[in-house]
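Have a look at the structure below before the remarks.
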Amino acid sequence: MAAPVLLRVSVPRWERVARYAVCAAGILLSIYAYHVEREKERDPEHRALCDLGPWVKCSAALASRWGRGFGLLGSIFGKDGVLNQPNSVFGLIFYILQLLLGMTASAVAALVLMTSSIVSVVGSLYLAYILYFVLKEFCIICVTTYVLNFLLLIINYKRLVYLNEAWKRQLQPKED
């Protein structure tokens, strides 16, 4: 017996709009964070727009050891290793991946979206811990990306539940 063919299922409009808004914000914040990191490398005295006071300094957090490779990849692959990129590069890749995979309603895409969201939230919790307890700073850019990652987790969870229900309805035997 052949496997059942699932009809095309579309996601709700609110999900697409929310995903585009969150991913667009994430992409823009990642680009800005990358800019701040580069400027801080070029000029250590550079004051970014997100440096609002003595306790609110995004450039200090972004230029710290934990601003590259999550503070982990440098010790594994070397400070100049190809994988020891600024966290903003990983964020940019993540938000673009979320945006592109969000355009399809496949089961594999939904699982990749959910898995990558879980990883991003775990990473956000780790970086939030570093930000608060180690660096003792408040980075508005960082915290905003943590919130965006959590919102994407919710959006992806809702998508998985919605698609699962739609596919279940398609697979149920039709009663005449």
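Placed from the backbone N, Cα and C atoms, the Cβ positions cover glycine too.
Copied from Swiss-Prot, the annotated features are:
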BINDING   ASN87, TYR146  (S)-warfarin binding site
BINDING   CYS142, TYR146  phylloquinone binding site
DISULFID  CYS50-CYS58  disulfide bond
DISULFID  CYS139-CYS142  disulfide bond
TOPO_DOM  1-13  topological domain 'Cytoplasmic'
TOPO_DOM  37-87  topological domain 'Lumenal'
TOPO_DOM  103-107  topological domain 'Cytoplasmic'
TOPO_DOM  161-176  topological domain 'Cytoplasmic'
TRANSMEM  14-36  transmembrane segment
TRANSMEM  88-102  transmembrane segment
TRANSMEM  108-135  transmembrane segment
TRANSMEM  139-160  transmembrane segment
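If you look at the transmembrane segment (14-36) against the transmembrane segment (108-135), you find fewer than three C-beta pairs under 8 angstroms, all six or more positions apart, and that falls short of contact. CYS58 (disulfide bond) has CYS142 nearby among the binding-site residues ASN87, CYS142, TYR146, counting only those with a Cα within 10 angstroms of its own Cα. Cβ neighbour count for TYR146 ((S)-warfarin binding site) (all protein chains, 10 Å cutoff from its Cβ): 19. Long-range C-beta contacts of CYS50 (disulfide bond), restricted to its own chain and to partners at least six residues apart, with a cutoff below 8 Å, comprise TYR32, VAL36, VAL56, LYS57, CYS58, SER59, CYS139, ILE140, ILE141.
Across the topological domain 'Cytoplasmic' (161-176), the model assigns an average pLDDT of 78. According to DSSP, CYS142 (phylloquinone binding site) is assigned to a helical segment.
Counting residues per DSSP class in helix, strand and coil order gives 11 helix, 0 strand, 5 coil for the topological domain 'Cytoplasmic' (161-176). Shown in sequence order, ALA33, LEU62, TRP66, GLY67, ARG68, GLY69, PHE70, LEU127 are the residues of the chain, 6+ apart in sequence, with a C-beta less than 8 angstroms from the C-beta of ASN87 ((S)-warfarin binding site). For the topological domain 'Cytoplasmic' (103-107), the DSSP-based tally of helix, strand and coil residues reads 1 helix, 0 strand, 4 coil. Non-local neighbours of the topological domain 'Cytoplasmic' (103-107) in the same chain are 8-11, 163, 167; each lies 6+ residues outside the stretch with a CB under 8 Å from one of its CB atoms.
Within 10 Å of the Cβ of CYS142 (phylloquinone binding site) there are 26 other Cβ atoms, across all protein chains.
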